[in-house]
Every structure is written in structure tokens, then in C-alpha cells.
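Listed in TrEMBL:
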type: TRANSMEM; residues: 41-66; note: transmembrane segment
type: TRANSMEM; residues: 94-119; note: transmembrane segment
type: TRANSMEM; residues: 125-152; note: transmembrane segment
type: TRANSMEM; residues: 172-194; note: transmembrane segment
type: TRANSMEM; residues: 259-284; note: transmembrane segment
type: TRANSMEM; residues: 305-323; note: transmembrane segment
type: TRANSMEM; residues: 335-356; note: transmembrane segment
Amino acid sequence: MVSSAELRMIDYLTNLPSDANPYLKAAKYLHDQLQVFRTPVWARCINGIIGILFLILLIQSCKLIVNRVKTKTFYLFKLNTLGLIKFDGANHGCVAYSFCSMAMLIDIICTEMSLLGWISRRVVIFIFATRSVLVGVCAWAFLWLCICHYAAVKFDPLKSQRPGKEKLISPVIIWSMNLAFLAVMFGPFIPMYWASFSIDSEFVYITKHLSPILQNLSEAGSTYSPTTYNKLNLFKILIPAKDLIPHVLRIEYCLRAALIVYLVDAVIISLTYPIILFLVFRHLRQYNEMSEKVRSQNKSTAERGFVTCISALSYVALNALLLSFRGGGFLQNTAWWLIFQTGLSIPVLLACFVTIQNISSSIELKKQHQIKSTIITLTISELK
């Protein structure tokens, strides 16, 4: 049975202009169909601008980390009073988006270097997989932060509103939650790296077996004469290329599998965020007395949760759009590559900008509260 890829090749070769060199045209067609698609120059310029913005974000987030270290308020994680893994909101935002910005920036630079032939395609494939999973890890970490906050407020016996009716959680449940969180957060690394390894292996195989075919076509093209040309000779050279088509289809299959994993991750996050945030703020409203500092923190958490949820929904839409490209040959579709290389970077960029500004304003507001508290303390001491 003839595949759709073979039919496209036959249709292309049988409808060449009369003055075209069929051997060189066939070589170009094979190279274009079996190699990574090269996006237009204007799209690569847009990626360059996005890379500059990610560089700015990286500098801003690193400055915030340095300030947190200087004020001795920086830590990666610790256990809260319930025994759950706890992240600090500001520290998580600074570290998470510094890693995301760095991964996005490196991915854009390495993609361009790969197109110029300076580095191996293998590097680009694994960097893209890493950056994709990092985005999900950051989103899951902030979601876990909200879950821990809700659990600490609702179940912590030290903060229970009704003394003598403490709501305790079993240590087994606590550590099951911790392990489940780590498994869900880092689980996508396995299928994403499997897909990356498979894609790289297929590209290596295709490149190795395509080179002699292209060389034979180039040699035949150099001695081409319209009077002695025979299509059977051309197809005889192209017969070995038929064996490469299943490997191209496997690349498409692995890409779709990675996108499905990414889509499922984004769907779960976008569905879970509104529920958790609703529970958190509904429970917090039960407290009659809430300081201005706590209210500002609640506002900050709500803004970050809203931005992350919108970002996840954007990823759902973009991944669904990428998966909607039917049939083989989508690797040569300009629109598909624009969404894949540029579209998937924009939600992260916007989320990073909003979150970093949110963290900066929260830290500044905290400083103002500290100054105000110091002034009040000094005033009271003077009055005494």
C-alpha cells in the first residue's frame, strides 16, 4: 500500500517544470521533507525579541533572589507544622521564573544555532523537553503552595478556631500527599524525555541513510540531460528513501505523544487551580479579623493563581490546536511550527512578567509594613 508521503513525492516529481533538473529537485524535496522545518526570517526575529524579554526577566528574578538572600529570607523548601512540603511564595516565584526564563532563553538561542549548523539538533530537542516540563513543574509547585496553605489553615491544631476539637491528619496521609505531589510534578519528565530520545534516534537514522541518496541525486543531477533523462533512473535512486518514511511518521507520533502529555498536564492544572483557590479564600473569609498584611498576601496569591490558571488555559488551547493538524506532513507546515516555537513561549512570557512584578510589589509592600511597625514601636516607646 502506498502511503500519503509517497503519493505526495510522486505527485511532486511528475509535475515538475520542463526546464527543471529532476534529480536536484528531488534532492531538495527529500531534504526539505525529512529535515527540521526552517521557519521564516520574520518568525525567527520574533523569537529573538522574545529571547531578549526573557533575558530581562532572568535579570529581574536574579535580583530578587539576591535581595532575598541578603535579607536572610530565602529558602527552597521546608516542612510546615503539618509535615507537608512548604514553599515560600516569593522564593518560589523568583526561583521558578528564573529557571523558566533561563530555559526559554537557552532554547531560543540553541534553536537558532542549530539552524545555522553550529550545534547538534540533539541539544535542541532535549532543551525543549526540559523547558516544557519546567513550566509544568513551576505551575504544580505554586498549586501545591496553595494546597498546603489551605491544609495548614484548616487542619493545623495550633490554629484551630475550636480548642479541643483539633483536626489531625495521619502522618501516612501527609507523606502520601508529599510523595504524590512529587510524582505528579516530576512525572512528565519521563514521557517527555522518552519522546525526545526517540525523536533524536529517528533523526540520526534518517540523516545517516539520507546522505548517500542525496549524494547519488547530486551526482546524477550534475550529468543531467533532458534528451537522455529517464524517470525510471530517478525512481531507482529514490527507492531506498521509501524505507525512511516510517521513521518520519515515528517522529510525528512521538511529537504528538509529547504534546498529549503536555495537554493533559495543562488541563489538570487549569481545572484544579480554581477549585483550590476558591477553597482557600472561602475559608479565609471565615476569620473576622485579618491584618492588612494578610489581606495583601491573599490578593497577591489570587493574582498569581489567576495568571497561572490563564497561562495553563492558553497552553490547553495551543496544544489542542497543534494536535488538530491532521494527516502526515505537519512537520512541514509553517503554521504548525510558528505555534510550536513561538506560540508556546508567549503564555510563559506574560505569566513571568506579571508574577515578577507581583512579587516585587509584595516585597515592597512588606518593607513598608516593617517600616510602619518600627515607627509605631518607636512612638509607643517614646510616649512611655
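Glycine too: its Cβ is placed from the backbone N, Cα and C atoms.
Heads up, TrEMBL stuff is auto-annotated, nobody curated it.
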Given pairs 6 or more apart, does the transmembrane segment (259-284) have at least three Cβ pairs under 8 Å with the transmembrane segment (125-152)? yes
Does the transmembrane segment (172-194) reach the transmembrane segment (335-356) with at least 3 CB pairs under 8 A, where each pair is 6 or more residues apart? no
Find the member of 41-66, 94-119, 125-152 that has more C-beta pairs under 8 Å to the transmembrane segment (335-356) than any other listed stretch. 41-66
Going along the chain, which residues at least six beyond the ends of the transmembrane segment (125-152) come within the CB cut-off of under 8 Å? 80-82, 84-87, 89, 92-93, 96-97, 99-100, 103-104, 106-107, 110-111, 159, 169, 181, 184-186, 188-189, 192-193, 195-196, 199-200, 203, 258, 262, 265-266, 269, 272-273, 276-277, 279-280, 283, 301, 304-305, 308, 311-312, 315, 344, 348
